Amino acid sequence: MGIAAALGLLSPFPFYYWLWTYPQTWVDLCGKGRDPCTVMAYVSHFLKLIQFLSLFSVSTFTWPPLLYFWPLIAFGQFLNFRVYQLLGESGTYYGVRFGKNIPWVTEFPFGYIKDPQYVGSILSLLACLWWVPFRYILLWTLGYVVMILVESKEDPTTRAKPTS
């Protein structure tokens, strides 16, 4: 396994762990006048770019992909877009941990699929098995599984206090 590719694939997860576990440090670092969710989104997009570049560096592209690609990528991305549509930036990027009041959502896929954004991301990764060696898909997926476990143990007393 290429060490650089593996590190690139894993790069966002320490960041997400830190923000989930110690949200007040992020809110304080962002300071007054800067929305911690928006700043997290910018950093997350940069880290996602590193992940994609790492994945592309170990990929072998051939066309057309096997038929399983289309339903997996379509449903996986549908779940990701739907979660963002329902939760918005603040709900997607740890707003509740940063002291924001995020309304509880029960529309599909919430209430039907546990952790729908992670499920969508994992399905999208599995769709790429035609091009990417399994070990890299597995590594990235394990990162998501760890975050599912971390985020399943939310302690409301550790939520950040918004800067005023």
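Each Cβ is built from the backbone N, Cα and C atoms, and glycine gets one as well.
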Ranges in play 49-70, 93-114, with TrEMBL marking transmembrane segment at 49-70
Between Ala74, Phe75, Gly76, Glu154, Asp155, which of the binding-site residues has its C-beta surrounded by the fewest other C-beta atoms within 10 Å? Asp155
Across the topological domain 'Cytoplasmic' (153-164) the predicted model averages a pLDDT of 84
Please give the maximum pairwise Cα distance, in Å and rounded to a whole number, for the S-adenosyl-L-methionine-binding set Ala74, Phe75, Gly76, Glu154, Asp155. 34
